[in-house]
C-alpha cells in the first residue's frame, strides 16, 4: 500500500514538473536553445568532459566523447513508433520531445556539439564545482557513457539527463534540479495555506478529466500522500 501511495505521489510530481516545463518545450527550439549558429571551441573539450547548456528554467547535460560527439539522454516518442535508425537519429524536434516525456520513452544518443547545444553557451565540468564531488577519470566517464547508449526509460524526477551524466562522472545518479523541485513541492503541500489550493487542484482535475475512478482517487489522495511522505 505504501509503495502504491509513493508511486501515485511520484506520478503527480512528474506531471507538475512537466506542466512547469510545457512552455519551454512549446516555444523553444529543439533542446531549448536558440537554434542560431554558434562557434564552439570543440578542440578545448576533452573526452569525458561534462557539457552543460542553460535553458530558460532548466539545464541540459551531456558527456563529450571526442570527435565532435556528445552522448546525452533525450526523450523521443519516435522511438516507440519506429525502429528505423535513419529517422530516429535525426535531431529530436519538439514534436518528438514532449510526447516522449509524457510517454517516458527516451534514449541515450550521440549528437554533434552543435546539435546538442543548439545555439546555447556551453559550460564544461561545471557540476564539479556545484556538487563538490570528486570525478572519475575522464576516460572512465566516457566509457560509462558509451556503455549506456541506447533505449532507456525516462523520468523527469528519477532518470533524466542529469542523472545520466552524474552516474558517468561521479558513479552515482543524482539530479539537484529534480531534488530542488521535489523539496519545493513538499514544502508547498506541507504548508497549511496550500491545503485549499491542493483541494481545488484535485477538484479541477476531477472536473476536467471526468469522474473516472482511476482519476478521482489520485486527485483526492495524492495531496495527502505528499504530506505524509514529507516527513
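Using the three backbone atoms N, Cα and C, a Cβ is placed for every residue, glycine included.
Positions annotated as active site by Swiss-Prot, on the basis of sequence analysis: 60, 72. Under the heading active site, acyl-thioester intermediate, Swiss-Prot lists 161, citing sequence analysis as support. Positions annotated as domain 'LRAT' by Swiss-Prot, on the basis of sequence analysis: 50-177. Residues annotated as topological domain 'Cytoplasmic' in Swiss-Prot, with similarity to another entry given as evidence: 1-194. What Swiss-Prot lists as topological domain 'Lumenal' is 216-231, and the listing cites similarity to another entry. Annotated transmembrane segment per Swiss-Prot: 195-215, in sequence order, evidence recorded as sequence analysis.
Shown on the structure are the features that Swiss-Prot records.
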residue	record	DSSP (3 states)
60	active site	strand
72	active site	strand
161	active site, acyl-thioester intermediate	helix
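According to DSSP, the secondary structure content of the domain 'LRAT' (50-177) in residues is 51 helix, 36 strand, 41 coil.
On its own chain, residue 72 (active site) has 60, 61, 62, 63, 108, 109, 111, 116, 161, 164, 165 as residues at least 6 apart in sequence with a Cβ closer than 8 Å to its own Cβ.
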